[in-house]
Each structure stands twice: as structure tokens, then as C-alpha cells.
Amino acid sequence: MIKSQKEYLERIEYLNTLSHHYYNLDDSIVSDAVYDELYQELKAYEGKNPNSIQANSPTQKVGATTPNSFNKNPHLMRMWSLDDVFNQSELQAWLQRILKAYPSASFVCSPKLDGVSLNLLYQHGKLVKATTRGNGLEGELVSANAKHIANIPHAIAYNGEIEIRGEVIISKKDFDALNKERLNANEPLFANPRNAASGSLRQLDSEITKKRKLQFIPWGVGKHSLNFISFKECLDFIVSLGFSAIQYLSLNKNHQEIEENYHTLIKEREGFFALLDGMVIVVNELNIQKELGYTQKSPKFACAYKFPALEKHTKIVGIINQVGRSGAITPVAVLEPVEIAGAIITKATLHNYSEIEKKNIMLNDRVVVIRSGDVIPKIIKPLESYRDGSQHKIERPKVCPICSHELLCEEIFTYCQNLNCPARLKESLIHFASKDALNIQGLGDKVIEQLFEEKLIFNALDLYALKLEDLMRLDKFKIKKAQNLLDAIQKSKNPPLWRLINALGIEHIGKGASKTLARYGLNVLEKSEAEFLEMEGFGVEMARSLVNFYASNQEFIRSLFDLLNPKNSDMAEEKQESSSVFSNKTIVLTGTLSKPRQEYAQMLENLGAKISSSVSAKTDFLIVGENAGSKLALAKKHGVSVLNEEELLKRLKEFD
């Protein structure tokens, strides 16, 4: 449950990180079930707080940004994502919204294959391009690799321009064989068939793709000029062109028939040749589809009825406390080994101690564990009926398991605030050098990783002791690059006070709070909890975090301040914000722009703007790209100033 705007923003950042790993790195950090749960909580918060919706929320976009390994290619028609439903009541509500307006509507149901979406463009009967989904508007051009997928026709008996879309998958049998080969070759194993399919499709060497035995299962079309009446007719036409037929495809008239087909699929799931994670439901009548239309992210005429995640019962025999990059302590349960979906599970995350307490999970409990193709399984609940008196309460740790410093215990999370804790040093330094902190050019996460590996740095102070010969030891560092980095590090001295405060990475203290603190002078961090509470916008958690952080890191902070000699203000930056035409203005971005909306949103926020996702009478500017839609009409109704992309760029250039 998301309770505050801060938690909401953190959830967006976390889900976007998961999406990046899932879509671009072929790495499922969490299970689909865990992601879905976190995503639904985000949607629920946005439903109650529509004016707070952020442009970079995963509810507002499809997939993830396209990586740089392959050339980008636009889709002729957008590739949409599907909304999920998880139970009978949610499905009933979705169906009722459609059947109330269109009582005669019917529904095509088909297995939801867990693979990689691919868009095939045919012109004059020839396959000319194959593009991954990407962000829905553009994806990676993988034509050479797609032509090595055996069941993708290189030519079809239709000369018009048509986009045929489907899922690239690897069968369970071929996945197992592939992982055995990789094991024998001492290569990293794929976590699941979806990751294997994605990694195989995106190989730079097409011969590797050819060996992976990928398959393409069609599920729809994009741009075309054919006059289909129904979705089923469209799918039949695709099969007639030589594509593989969809197994267990059915046409249904009501909720009961859909539920029957859903449960049939669940029964067939284990024996199905490929990995399934649900059932796709699509309105069959194309005229009804057109009238229902789309949300910002997904069609209103289709949904994915998700399967329950695979689960098993086992026993918790121990607890390991792991320290994350932010200092957050994550309890991990040590389990009696249990096999789930072909993998032996010995550990499962418990997320945080608040969740342990809420679920009343105890040491030696028998518990329900789920795993849906992910690496780290999740404990759902304890089986209290199995308790025999040997169970013990799982206590929150009081000191860090790595550095033994006293922990900051909040209602939900527990943190190690020691900046010198080895488990969080690397991430602390990445934040220290970031754009909103000391903005040290050239000091990214890969460089910091190398510096740690070479034992050249252990904390921020060590950065300023680096020498040219130290940096020359790093991979790909020549004299010029090394000297540029040394110059950038030295240039970061004498920063505005707020930047140095923000660079410390104090829990609950971001850019805005750092600017407020900076107004109180160089000794601001020495103040008491009561004094912090008197500051505008500061609550108990922020005040306690500041007090505890300073108590744990006094010597380090003083040394850092002495070395960097921060300025008490930064009038240049403040003047730029306050003089900006966008300062304190509410801005909405809509339509297709040449750059990602989030990139423009960041530029505008740096000039003091507030970014919103919905137009109202309180909106000051609407930035419009192509296909602006209803927001443009609403802006005109409310008398909102409208800027196109060219006008926006002209105004932004004034502040370069």
C-alpha cells in the first residue's frame, strides 16, 4: 500500500528499474506476480490521486526505452501493452463495462505466451523489417535475426503493406537443452524461457540466434489496408499466409465461457510446450474495438487474465539480513530446499520487517512460497495450522550485519546510515557524483566499480586523493581521460551547500529539502530534532533521519566539509530557476515528441516547473507533439497556453 507521494515516486523509480532489466537486460529481478502486485498498488494510488500522476509512471508508457545495441526503428502503428486482471471479480467488472454498452460483443481468448513481442513488416509480399516492441512507438531493428526463426515466412501471398505481430518464444524443451549446453560451457544460465528468447533474438551474431530454435506465434496485426470485420477473421488470415496457428484459441460470448476456457488453460499449463502466464481476451468485433478505443497505455477492448503464480510449501530454517545499496536491510528467509518450476529454491525474500510483522511470519514456520520464472522467490504467507510450538518471533536487527553500526528503524524499513558501510559505499558514491549532487563529469557507476576493485577508494574523501597514476590503472583509461576525470573531481570543490547536503544521500532528504537546509548555514546538520521540525516541510521522519545520520557520520561530514569548502548559496542557479518563464508553473506534456517526455520533464523541472499528467484549469502550459488528442481540446477549453515542440525548444535555449 502506497501512503505518500514520496512512496509513490520511489515506487515509480523501482518499477522503471525492473522494466529496464526485464525489457533491455533480459534479467527478471522479481517475478511477474511481484511486479504485478507493485504495479497494481501504483495504479490504485494514482486512481485516488489523479493530479499527482507522473509522466514517467509505468502506467503511462509501454515497455521500456530502447537500448543502443541495435538501430531504432519506428512502428507504423503503435504497439500497445495490455491491462491485467487477476481474478473473477476484476474480469467481471471489465466485461460489464463492455457488455453494458455493447450487449452483442463476443470475445476471442488465447494463451498468453511469456516471450518477446515482435513486429514484422511485409511489403510487396516480402519481409522487410522485424522490430521489437521497445517503448511501443519504436523498438530495436532485429531483421537479420528474425529471418533465422524457422516459422517466420520470408515471403507471403499478400502484396499490400502489413505489420504482423506476435510473440517470439523458446519451448520449454529447447530452453532446458540450451541451459544444459551453457552449464557444460561454464556460461551463465538463463533464468527463464522469456529471458532466453529475448537474449537470443537480440544477439549481434545472427548465427547464434539461428541455433537457439526460437519460434514466432502471431497474435495480431498493426498497420494494414484489409477490411476485416472481426479479430478472429484477422487471425485466420494470418494463419492462411503460412504462420503458425494459435493453440487453444476460442470464441466466447459471456463470462462463464471465458472462465471455463481460462481454467482449461490452467490445467493444460504444465504440459503446454511453452511458458504461459495468462490468457488474452480481445473483443472480436472490430467496429466495437474502434469505438472503445485506447487509454494512454493500452486498448480498452483487450486485457490479460493473469494466471496465479506457481507456489509450494516449505519451512523457514533461518534468516539472513542483506544490506542494499540505499542501506535498507532486507531480511531473506533460508528455506528447506523445495523444487518450484524446475528450480531448487533455498532462499526467499521477506522484503522488510514490517511485512514479516503484518503477515505474522515466524522462524520455523511452514510457508507458501511462489516462483514465477524469477530468481528470488517470495513468501506469501505462513501456514499457522502447522505450528507446533517450535516457532520463534523474527526480531528486527539493531545493528548492521556488515559494519555493526546502529540501525535506523522506521515503521516499514530499517536502514544502515553508515556511509562507510562496505555494502552501500558504491551506491553512495554513485549518488555523490550524480547530476543533482556534485555533478562530477565522467565519474559513473562503471568507473566507481573499477576504483573499488582496485582498492583506490573507500569513501567520497578518497576521490580527492586520487592521482594520475591511480587512474591509469583502470581499464580504457589513457592520460587525457584520466586527467579530465581528475580535473572534474577538483572542479567539484566549493560546491553550493545544498548540493553537498544532497550528495550525502541522507534518507528522506532530497534536492528540495537540501535547498531548504542550506538556507540555515554551514552548521545546519548539527541542529536538533526539534530545530529541524521547525523548518518548513520537515516531518518527524526527516528530522530523525538527519539527527541519526549526523550522529553516525560526524567525523566524516566535518572532514568532507573542510575539504570541499561549500558555498553558503548558489545565486546563479537560484536566479535561473526564479527567472524562468516556467518557474512555479504547472506543465503537461502530450502527444509524440522527438525526445522522450521524461527528458523534457527533467529540463522543465530544473527550471522550477511542476509536471502534471492531466489538464485542468490550474494548468499553465500544455506542450504538444503529434497526435495530441483530447488533452489539447481540454487545454483550449480552459484557456491553457499551448506550446509545440519547436516553441518549447526556443524557450529552453534561453537558459542553456
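The backbone N, Cα and C atoms fix where each Cβ goes, glycine too.
Swiss-Prot has this to say about the protein:
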{"type": "BINDING", "residues": "Asp32, Ala33, Val34, Tyr35, Asp36, Ser81, Leu82, Arg133, Glu167, Lys306", "note": "NAD(+) binding site"}
{"type": "ACT_SITE", "residues": "Lys112", "note": "active site, N6-AMP-lysine intermediate"}
{"type": "BINDING", "residues": "Cys400, Cys403, Cys416, Cys421", "note": "Zn(2+) binding site"}
{"type": "DOMAIN", "residues": "577-656", "note": "domain 'BRCT'"}
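Taking the mean position of the Cβ atoms of Cys400, Cys403, Cys416, Cys421 as the Zn(2+) site, the remaining residues of that chain whose Cβ falls within 8 Å of it are Val323, Gly327, Val399, Pro401, Ile402, Ser404, His405, Leu407, Gln417, Asn418, Asn420, Pro422, Ala423, Arg424. Looking only at the binding-site residues Leu82, Cys400, Cys403, Cys416, the densest Cβ neighbourhood within 10 Å occurs at Cys416. Across the structure, Glu167 (NAD(+) binding site) and the residue listed as 'active site, N6-AMP-lysine intermediate' are spaced 9 Å apart at their Cα atoms. For the pair Lys112 (active site, N6-AMP-lysine intermediate) and Cys400 (Zn(2+) binding site), the C-alpha distance works out to 44 angstrom. Cα of Cys403 (Zn(2+) binding site) to Cα of Asp36 (NAD(+) binding site): a span of 35 Å. Looking only at the binding-site residues Cys400, Cys416, Cys421, the one with its C-alpha closest to Asp36 (NAD(+) binding site) is Cys416.
Taken residue by residue with DSSP, Asp36 (NAD(+) binding site) is part of a helix. A count of other CB atoms within 10 A of each Cβ picks out Glu167 as the most crowded of the binding-site residues Asp36, Glu167. Regional average pLDDT for the domain 'BRCT' (577-656) in the model is 78. Comparing Leu82 (NAD(+) binding site) with Cys416 (Zn(2+) binding site), their Cα atoms are 39 Å apart once rounded. In terms of DSSP helix, strand and coil, the domain 'BRCT' (577-656) has 31 helix, 18 strand, 31 coil. Fewest Cβ neighbours within 10 Å among the recorded positions Lys112, Cys421: that distinction goes to Cys421.
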